[in-house]
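According to TrEMBL, the protein carries these features:
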type: DOMAIN; residues: 40-186; note: domain 'Succinylglutamate desuccinylase/Aspartoacylase catalytic'
Ligand SMILES: [Zn+2]
């Protein structure tokens, strides 16, 4: 079977950061930095480049390191995660550098972590002690098509509440992850349903190649570190914090639509956050129509950019009353 060449859907305008210093880390784990204030407080982790072509978080972590800021309380870990994939980044063909062998955000389960057969599983094993020790985790991502930032909270109320306390972005999405494997933000204690003191957010900062995605990442980093009491508000450099969203809405994902065939097609050029009436045609899975199953059905991150059999191509969500 041959595959038609897939050209990138949009030009990539965000510059690629020079990480030659940042990739060294200060922990013995490449790309991982750790700061211990010696004071009581949360153990906070900020992670970037789980996907090698999602540069906004790398820019934010680089800005933190360049700022000379010292955490005030607890500990802070910064992780540049999939450096091997990042090293393949090419702005003229940016989709392949998402990962080397498999998606690093689908391997966070004991069976895969115990089976170091891919570049990403070996990297996850290196990162695992840092994720294990983190009480508060913010994981920075960007998207293939959507421009509007989304805070992905998972299903647990403690993280939905935190996303609403942050005051930005406007759209908070409670989602259950992916059939294809466990995300880092759902791993270990972070996946436990009871409030065990952990907090985990996955921020989708906008389109991969949009310079604005870097601004969103800086704003989110600042808000998260203030809320975790790692920093005081007065510590935050000017220009990092954006205005609060005029209004936040929380949406709960009711189902993830994956493509068993790897041949899903959309009926329209959906951007995400469209609200559809029941019965509206969304697309076709291997020729079979897929329609909105209920009224006010909101489309979350429609994308066939990374399609292959089993990959999530879309989530459907409804407003949390
Ligand atoms: Zn991502």
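In case you wondered, yes, glycine gets a Cβ from its N, Cα and C as well.
TrEMBL entries are annotated by machine, without manual review.
DSSP labels the residues of the domain 'Succinylglutamate desuccinylase/Aspartoacylase catalytic' (40-186) in these numbers: 54 helix, 31 strand, 62 coil.
Summarising model confidence by region, the domain 'Succinylglutamate desuccinylase/Aspartoacylase catalytic' (40-186) averages a pLDDT of 96.
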